[in-house]
Amino acid sequence: MLERTYIEDVTPDDDGEDTTIAGHVHELRDLGGILFVIVRDATGRLQVVAKEDDTPDLFETAEGLSSEDVVQVTGTLEASDQAPGGVELAPTELTVVSEATDVPSIEISKDVDADLSTRLDERHLDVRKPSTKAVFSLRSKAMGAMTDWFYDNRFEEVDTPELSTAGAEGGADLFPVVYYDKEAYLSQSPQLYKQILVASGVDRLFEVGHAFRAEDFGTSRHVSEIAMFDVELGYVEDHHDVMDVQEESLRHTIRHVVEHAQRELDELGSDLSVPEADFPRITFEEAREILADEYDHVPEDDNDLDTKGERLLGEYFEEQGHPAVFVVGYPDEKFYYRQDVDGDDVASRKFDLLYRGQELSSGGQREHDIERLTAKMREQGVEPENFEFYLDAFRYGVPPHGGYGLGIDRLIQQLAGLDNIKEAILFPRDPDRLEP
């Protein structure tokens, strides 16, 4: 390994210390006899000050540098009020590790916006921009914190197939794949496998994986390949137990980001605070009443909210100090595995979590009685015979259970304050993009 200190670990308190850094040449400024070289690594930027009178050979090497060359620099740290971050490096050794042979097609060192399509085409360059790199550093810290919360609370991580003979949610938005001599599809959701595992005795589980939706869309909220954080737990009394888990884990995640990713938040200009108060839990009917009474907005679909409705509900509750809100009791007409509310022919124990005006997750209590489950499948036009691998798990005693699937990409979009979900994904996939 090349000897180096990460730039984020360098502080003015290190004045007088010798150190070595390595990274890309972010910016060059020649003042005649003094050359300022801003070096950028994965954690930050540090100013290197080369002086012709002090180190003529090194200065000559520095004069030959180009933007994005990879360098290794050894020298003495000097505290300076004029330097970015209050400290700079007086170099004694400068090695060019790798030369940049082409001029980058994207401006990396300056705050100049390229259109999103160009940024995604040149993602290997775009990720070098500090603002883009901050998104994925934040994402890494957020998902590490969320995963840790589930490990600490006795959940087990599982892996389920991303190839299957049928989709958990049915419909036409499945990607068919060639699988030997059989018909197969990319996974819409690990839902059926999560329930099979709960029935098998793995009663607190989570999975970080991908789901695929063959939908033709053109919005800032959708992509074809989705990163998901799926959760399922057994022995629940009702869907509120599931919401409790999601609320506590999300609050922990946001707190970790606020405490450990402030550099990234500052780079992104995202003003993030921890939602300490309980997340409000309102019924689906109450949500529609708020939209009608406060905003004169009525979603066209009587059984769902629309994008505008979610945004308006976000504004309504953020004004009251609640960036997150659960909407509970959606009409039960789409998914056979969701449990109905006793004595109510319409509502289900389904919920959505809205955060900063966007749906992050859907979840609820599942149906664990095989007779009711089979009847609901037939009511919704699903042939139970095609899901025998799933139904067989319910013949041997299944605890009441529930869970949810959280869209990781949407969560990062909201934490980072991004306009488009594709900005939160390293290599997004949509109907028009299959590379890089």
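Each Cβ is built from the backbone N, Cα and C atoms, and glycine gets one as well.
The ATP site recorded in Swiss-Prot includes ARG213, ALA214, GLU215, ARG221, HIS222, VAL223, GLY407, ILE408, ASP409, ARG410, and the single candidate from GLU162, GLU267, GLU359 that the record places there is GLU359. Per Swiss-Prot, the range carrying the annotation region 'Aspartate' out of 163-166, 179-182, 191-194, 235-238 is 191-194. Of the recorded residues, GLU215 (ATP binding site) and PRO84 (site 'Important for tRNA non-discrimination') place their C-alpha atoms 47 Å from one another. The full span of the recorded ATP binding residues, ARG213, ALA214, GLU215, ARG221, HIS222, VAL223, GLU359, GLY407, ILE408, ASP409, ARG410, taken as their largest Cα to Cα distance, is 19 Å. Sequence-distant contacts of ARG410 (ATP binding site), defined as residues of its own chain at least six apart whose C-beta falls under 8 angstroms from its C-beta, comprise ARG221, GLN358, GLU359, LEU360, ILE421, ALA424. Around the Cβ of PRO84 (site 'Important for tRNA non-discrimination'), the same chain contributes ILE38, ARG45, LEU46, GLN47, each under 8 angstroms and 6 or more positions distant in sequence.
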